[in-house]
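Straight from TrEMBL, the features:
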BINDING   HIS450, HIS455, GLU508  Zn(2+) binding site
ACT_SITE  GLU451  active site
Amino acid sequence: MADAQYILPNDIGVSSLDCREAFRLLSPTERLYAHHLSRAAWYGGLAVLLQTSPEAPYIYALLSRLFRAQDPDQLRQHALAEGLTEEEYQAFLVYAAGIYSNMGNYKSFGDTKFVPNLPKEKLEHVILGSKAAQQNPAEVRSLWQTCGELMFSLEPRLRHLGLGKEGITTYFSGDCTMEDAKLAQDFLDSQNLSAYNTRLFKDVDQDGKPRYEVRLASVLGTESALHSEMTSRLKSYEFRGNHFQVTRGDYAPILQKVVEHLEKAKAYAANSRQEQMLAQYIESFTQGSIEAHKRGSRFWIQDKGPIVESYIGFIESYRDPFGSRGEFEGFVAMVNKAMSAKFECLVASAEQLLKELPWPPAFEKDKFLSPDFTSLDVLTFSGSGIPAGINIPNYDDLRQTEGFKNVSLGNVLAVAYATQREKLTFLEEDDKDLYIRWKGPSFDVQVGLHELLGHGSGKLFVQDEKGAFNFDQETVINPETGEQIQSWYRSGETWDSKFSTIASSYEECRAESVGLYLCLNPQVLEIFGFEGADAEDVIYVNWLNMVRAGLLALEFYTPEVSSWRQAHMQARFVILRVLLEAGEGLVTVTPTTGTDGRPDARVRLDRNKIRSVGKPALERFLRRLQVLKSTGDVAGGRALYEGYAAVTDAPPECFLTLRDTVLLRKESRKLIVQPNTRLEGSEVQLLEYEASAAGLIQSFSERFPEDGPELEEILTQLATADARFWKCPSEAPSGQA
């Protein structure tokens, strides 16, 4: 059997998203709007399979064929007859549920591969003897032959997502290196093209020189005669002695289905802003234009307080090893009015609270653009995973001048982060009851501050294409050096493109730190209904949760290549290091032996020193983070952040040894079962499923009732068309950077 870190355990937690009441309160028109947006999101989410690993589309197609022909109970009878034990069949169901939940065979949280926890030969017998194989023997056998070996392989390079020798990724062809990624980013910056909806493929010409294809996601191909803002970009370029070709048409048949349902949703939009938003999204996905998506995002920002909230596109760049390309995601949700009222009060206090942050006013946006901040009950969230909260759009230029929206996903928080006492690790016994009592409320506070005032704060110093600056070069002083500003962002540069591999984690760390820092403010806690002793308990548990999370983060560090696999967890480890460095016994991490005789550890936080020791340490760290970000000081930012993110076995903490303890006692992240919507006549029905691996599988088996086989054919054809890019990587030279 495989190492425990590469399997999903049979007893993995599975929860169902409950949005029944919120859906019931929608009008018939709102339900139709939500339905078609959900369909668009689910179709688009299939692109994530093609963004994850070469084998993921084939695994998805194989599993979908199996469970369409036989539901989990029916397949169970066949599996047991083939010689599987109950435990082995459950392991297969959990694996299948994991594929659907993560949209691929790598964990969305940690980017680690997971494999079936049963013998390959036994699974092969089940698959080749299944009803699906009886109905289509050649197709099922071909799918198994294509993905069976890779499904189980734990060859070192395949254990994690990464670039070059450090892992597998399908954002880049298999022979791309980090040098290629940097060169391509410089090329994109030079053409003022965004990387969000691109992939990079490298070939070698007859002279052995590399040739790069930058492929945009779009319905239309490069040969389309329809003129648009994008067609002039689709051509060959010479850049620093290297050949680049900009093409489009990535995921075309999938995006065609997205566009069809966005068109249908337009008929049920609540206002002209929603109609214009959808029209621009349609333009973006049709043409491959990020500028059109930005225009759609402007209308989305302006659509304040909608009953049905949604967003869709190539959004988060966490899983691109270079940190610039967006994974497809789409969500549809309904407003939770009670919690949203608290967030509205937080927004009303935001301008005053921003003044509390530990950097000079010149490093804050010129004007705080009051955003929407709502608590939502999720109906649909497609992609590789579901977050607790979101601050979008991610486009720097929009965030600085147009604003943004914050959402807290209330029904996700309710199930994904619930904790059982017996499964609580690394805490003192006398902390556990307090932790369980206040973890949920403190997390609401942290998510609110993190999204609104963490991601929503701070200014980037920019020189535009005309040479004009958005700050006064003469009067603005760097508080860390006492000198005038020496660096900034040039036209075309963004936070992601400039800070690349550390951008996501650095920004998450900044937002988490803002949450910890501002939760000490009594005004904030009053907004959420906490005063006196309760308020102090919320503060303590919020800080304790962050300290514990910093220790748990070690699961996501890979010592073999000295790299982190998850941005949020790296951020929390960095904060743990900052608080440990503060000294005076504020935080301690102590190795112990558990009652089972195995290695264990305990984290302690002195609640009496949070304000006197913790706050000043966090204040100094936060100011440095913001100043380096504002000024685009990549060298300084990397030195600071990578210094704190380094994992060594130096005493007293001995983090590399503690990592073994964390792996020994880790609990797998829960799987989330989502409902479906179905159009019956002119009415939309909500279909719900049980909280189990079988229920999650059933939800996907019923997700595409009209065109499931067609979608599987599309996915395998798209994967096969590019398969050569990940077979026998050539020793192609990198470009001249």
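Placement of Cβ uses the backbone N, Cα and C atoms for every residue, glycine included.
Where TrEMBL records a feature, it is marked here on the structure.
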residue: HIS450; record: Zn(2+) binding site; Cβ contacts under 8 Å, 6 or more apart: GLY389, ALA511, GLU512, VAL514, GLY515
residue: GLU451; record: active site; Cβ contacts under 8 Å, 6 or more apart: PHE373, GLY389, ILE390, ASN391, ASN406, VAL407, SER408, ALA511
residue: HIS455; record: Zn(2+) binding site; Cβ contacts under 8 Å, 6 or more apart: ASN391, PHE404, ASN406, GLU507, ALA511
residue: GLU508; record: Zn(2+) binding site; Cβ contacts under 8 Å, 6 or more apart: ALA567, HIS568, GLN570, ALA571
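Note: the Zn(2+) site is recorded as HIS450, HIS455, GLU508; in the same chain, ASN391, GLU451, GLY454, GLU507, ARG510, ALA511, GLU512, VAL514, GLY515 also have Cβ atoms within 8 Å of that site's Cβ centroid.
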